[in-house]
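What follows is one structure encoded as structure tokens, with my remarks underneath.
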């Protein structure tokens, strides 16, 4: 049973904590928070030992009546690996300032720069390259979504080139200080966007160009993909391949699943905690091949799709499982992923 800690119990951190707790080969030793907010209180209520990453704020936790077990550094000393879920840019500083000095393995989130961490990870793309490594960055929610569907297509028939238009949510549901509220924003206004190069950190030889925009919604990201195929296949071949791929769902608009809002309603009907949809939802009706080019649309629940990949990264880095398919299957079974 490997000992895991979560540095940053927020949107991703709290989900990874629950995912790790569901496994039978790893456990959560503790989680960290900087502020005595409702998430800190609920972490303690759920039974997680809470450590503070800002020791000077200990009094504020005491005043709020939130039990603190110790400091983040004290937590790190007890761990085999830490999952860093701190805000963008903080993880790289933690790597250099704390983890390397302590000799502590760490996974990071997609907000960190690949070059600063040195290695990126996706369960389906480069699991074996991360086995035994000290530091790895789980690629972003958008990149994870692209890899989930492009990998099986590449395995089936090969890919010449990918072009993708990313329609990104403006903010997470709880983020009241972000937007846009009444605009469509090219983000970035330059082409290509960073998503293509991010995919190439795990699918090394893929020819991919992306562009992205922000829209006033909070529920999910949406992708529109155009994929030039190397060999001839039918739509049924593509459907069969995606249907057999873990963490991918073919969903039908004609069954009332024609929007991201309805995808989220589907997650509720699955009985998921926090309404999470770990799987990438592909609109089955969007699949089409024209002159050797595959077209399809998919949606990504940005708060949760990277969570199972964090669990797989732990197994790879701690050399708990060298077969990616076995780790994926084990993670999925424990988390109830389809």
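Backbone N, Cα and C atoms are what each Cβ position is placed from, and that goes for glycine too.
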Further NAD(+) ligand in Swiss-Prot, beside 11, 12, 169, 302, within candidate set 65, 70, 111: 111
Distance from residue 140 (D-glyceraldehyde 3-phosphate binding site) back to residue 111 (NAD(+) binding site), taken between C-alpha atoms, in Å: 7
Cβ packing number for residue 111 (NAD(+) binding site), 10 Å threshold: 16
Pairwise CA distance, residue 195 (D-glyceraldehyde 3-phosphate binding site) versus residue 141 (active site, nucleophile), rounded so that it is a whole Å: 10
By Cα-Cα distance, the member of binding-site residues 11, 169, 196, 302 nearest residue 141 (active site, nucleophile): 302
Residue 169 (NAD(+) binding site) and residue 142 (D-glyceraldehyde 3-phosphate binding site), Cα-Cα, nearest whole angstrom: 11
Local Cβ density at residue 142 (D-glyceraldehyde 3-phosphate binding site) - other Cβ atoms counted within 10 Å: 25
